[in-house]
Every structure is written in structure tokens, then in C-alpha cells.
Amino acid sequence: MADPFNMENLSNSVPVTNPQDHGWGDKVPYDYDSYAKTSKELAEENEARANNGDEAAIHYAGAVGGVRVGEWHNNAAVYEWDDEYGDVGPEFPELERQLFGSEFHVKSGIDFQKLSTIKVVQEGEIRISPIFSFKDAGLHPVMLRNVELAGYEIPTPIQQYCLPAVFKGYDVVACAQTGSGKTAAFLIPTLSKLMGKAKKLCAPRPNPAKFQQGVTDPVRAEPLICIVVPSRELATQIFDEARRFCYRSMLRPCVVYGGGPIREQINQLQKGCDVLIGTPGRLVDFINRPHILTLKRLKYMIIDEADEIVGANWEDQMKTIMGGGDQEEGNINYLMFSATFPKQARQLAKEHLAMNHLRIRVGRAGSTHVNIKQEIIHVDPALKRTALQQYLLSMPPARTIIFVNSRRSADELDDFLFNSAFPCTSIHSDRTQREREDSIRAFRTGKTPILIATGVSARGLDIHNVMAVINFDLPSSNYGGIEEYCHRIGRTGRIGNTGVAMSFFTPRDEDLAPSLVKFLLETHHPIPDFLAHHIPEGFDASGEGNADLLDFGDDSDVEEEKNPDQNEASDNTFSQGAGADLWNADSSGDHQSKPTEEYKIEKENLW
């Protein structure tokens, strides 16, 4: 791979052009004054802007779902159902603009067809015929309209299989590449299936037209859907998607997460909650307050980014969420989604999912798709900041996420770029929740188009027009390795859009090199000279070769499990053909169904 930015000749004295001369906007100081204002004052300011026909304010509101600087995301506007509406609620143009009317919502890109060619593998006893059109999926009319408003035209591969699986009532374990539409794959079918029965299933709630906080008697939250996610940012993002898909329906979404004011989250729950999105810690907090939250009506338990959840020391919390509370056994469908599935996630699935659950893999577990152009540049560690400046000034100004490996590095790089006149912001776990939410909004709207983040804080972020991802620090093998790399670069090139992932490689990244080379070869990227000695036999530096022959070995999430009691088939879930192949056992059981002719099924180990 060529050195397009002449990194070898960099020095700390290289003159840097003014970023504004290159097209970057002005740097934006942080607005701390907004935190001195009350929620009432902020709401009055927003209403005044809207009443004055402030187009910029309306456009901004559409970008961030009506939530402005200084406001908590859990208070974002949702469609409030009135008992007098009948079966379908009326349209509210202002709320519709906030939910759907912004160019900042991610829609399928021009290279969607590349995404649609990815191999889909089904395993286990169950076989599902995919759907190829939302109009043919049997969606509730309200959901079909919301899908159209959201800009979804053709189901992605994961959606083609998950929608019919949920409609048929199966538990699902889905392993799909980042940016493949997993969120819609579980929200669309679960919400659509409940819409037609909402009046029968939903818990009693106060009429929002007459509700007054502190005056009207609050209700206990009794959600029908619970979605567990590993990060606060992902929780608010899925909440936004749920707000869109619940539009004009009786289903009311809420979000709970740590760092936010618990009193305000309780206020939202006490207005009624049918779809609950939350992080494990805050969910357990509310589960332990049965006068506020009960899971007795629960119909769907959804685990998103399962690999991150099980790897973050949340074992006790997940036991409480999955098996605690007062949910009724046998009445819950479990759906698990992730880009990778390590041993702990497989164990979680084994303990809770039905034996005849559907297992789907879209592409190789832990892989990415060809819409992301990956570039690896060798850089002297002492010159990484200068290299970053040069790269930012060589590319067209666009939304860019820069990944670092520590909170300290995020702060230092944020200061460096800000003092170099770049419009940037940063997020990590040491920032207050309000700062994190405001930083994401500023990045989402393009106010500060450069976001510096640690890997965990940006997990699952789905932001429109992220054209570039820069790994200022590559993840080491001890801290996520190639799987973390996969998650990071997946912030660009989402749902058929294209993007660039640039990584700075230094001598300390040598432990990642073998996995990185295989990852590049899998998507037919050329290998730079300094990594050529890691190219496996049968491939060359051009990236050409049969990717199916690549042996990812320990770099993949396949882990061999040995069962000491294989002869006791009656007590052994591994030994049945219906479930064995998930755990890398023989999948040739007597109950294996014959594949249908509508799609190709390949028999191979899923994880």
C-alpha cells in the first residue's frame, strides 16, 4: 500500500494549513451556561424558537429528536396515546418532523446491493424463508408507514430473516456485521406484532391529555419489550429508533441509564412504559423497586451487543434481568444480537433460549463488509499527532470518529485538535452523562464534526454520514484486538453507505498484525509492505485470493467446548441436532430439516 500522506517524511515542525482554509468549520467552545438553566427555561427557549419559525432550530430539532443542549435524552418527546384515538392515532406534523424529517437519520446507501450479496447461514433444526420486501412482510399498517417514513426501502440480510422468525414466534440468536441493520431487525417485527394487540396487552396508564406530574396518580411501568444494551449512548440511540417506530401507536417507549437523573426517569416510567431500553445497572436498580417496574407482562427480552455485555462484568446484573423479576416463564421470546459471539454469550443463550431457536449468521462472525475502505499507515509514535493533522487536512471535511485507547488520551487529543483550530469534541466514561449527550448531539448535527472516543463509549453508535474512522490507537490483543477493530470501523459504511477506515500502525501494534492482515485479505484490501511478512500462503500483497481459505483460528470467536457427558443424551442439550452446532458439536442430528429451494443454506459451524 502506498504512503499517500508521506508519513515517512513527517516531522513535528511540518507547517499545518489552517483547518478553516481547508473547509473545516470553526471550533466550538463548550456551552457550560446551558447547565445553569432549568428544564423549564430550556423548554421555553425551544418553544419560542419554533414559534418564531426558526428554520435552523427546527432543522436541529429534527437532527436530535427535539432534544437540545442541556436537556436529558430520556425526556425526548414520544407519541402520547389518547384513549379517544381508536385503533390508529392521528398524525402530529411537528413530532413527525422531529422523528423523521431530518437528513441526519441513517438511510440505506448507494452500495446497498453489496450488502445484499453477503452470505447468510442458518443453523439448527429451524429453517426460515426470508422476506425481500417490507410490503410483503405482513407488517401492521402503522409500522409499514413508519418504515417508509424512516427511509427503509429494502430489508437488509439480517432483517430478511429476523422479521419472519419473530412473526413465527421463535427465539433468535443473530450474528451480523456492524452496520447491517440489527436494530431495525428486532424493533420492526416485535413492535409490529404488538401493535395489533396493544389495547389488550398494554398496562393501564394515565391519559396524557390530562396527566399532571405530582397530581395525576402515577402507574407502575409494565413493559412488553425489554432491550438491554451495554452503553448509555447506544441506549439513547435505540430509544430514538423506538420513538420513530412507535409513532401513531399505543406503544410508549422509555429509556433508563446510569448517570442521568433517576427522578426524571421515574417520572417517564410512571406515565406508562411498553418498550423499555436500558443499561444493565439501571435496569436492575428499577427491577429492585417493584412499585416502579415489573416485568410480569414481558413478551420480548432483547440483548443487543451481547458480546460487550457479557464481557463487561455484568454477570450478576444479567442474571437478575434474564431470570429475576416476576416475568412469567414460557411467555417470553428471547432475541440476542451481536457482531461476535464469544463463549460467555453462547452460554447465556444456552441457559435462556428455547432449544428450537433460530440461529443466523450474516457473513463471518467478527467480520466487516466491503463498503469500508481500510487503510493502514506506519507512523512513528512520536509523530502521530502531526500525522493526524496531515490526514485531516488531506481529506474532504466530513464527520470523522477518532478512536484512542484511554480516557486520558481522549482528553489530550481533544485539547490538541481544539488548540489546532479543529471543530472537535470527545466522549468517554469519565465525562458526565450530560456532557456525553451534548457531545453526541453536536457531532450528530455536524456542529463539531470530529468526535474523539474510546472504543467502549462509541460501541453501537449509528450516525448519518460518518465518512471516516481513524484509529489513532489500534486496540491491542489484550483489549479487544481484532474484534474491537471490527466494531470501531463499523461506525462508518453503515447500511450500504461507504466509508474509509484509516489506522496508524506503530511497532507496539505488532501483536495485532497477523489478525489485521487476515482481516484485510478477507475484504480483498492490499497489504502494506511493513505487514507483508504476515501474509499467509496462497495470498499476495494485492489482496487477491480465496477468502474462504483463511484460517482465523484464535482470532475468530469459535471456541471448542467439550462435553464430558455426551452419552447422556436425555440430559444433554449439546447432543441433539437441533442445538448442537451452536456449541460446535456435530450438527447431523436426526431432526435436521432439509433446506428449501428459495435460498442457499450452508452447513458449517456458526460459532
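Even glycines carry a Cβ here, placed using N, Cα and C.
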For TrEMBL, the entry motif 'Q motif' belongs, out of 132-160, 277-305, 335-363, to 132-160
TrEMBL annotation of region 'Disordered' - which of the ranges 1-27, 433-459 it falls on:
1-27
Take the motif 'Q motif' (132-160) and count its residues per DSSP category (helix H/G/I, strand E/B, coil), listing them in that order.
16 helix, 0 strand, 13 coil
Helix, strand and coil residue totals from DSSP for the domain 'Helicase C-terminal' (387-535) stand at 71 helix, 28 strand, 50 coil
I'm checking region-level scores; what's the whole-number mean pLDDT for the motif 'Q motif' (132-160)?
93
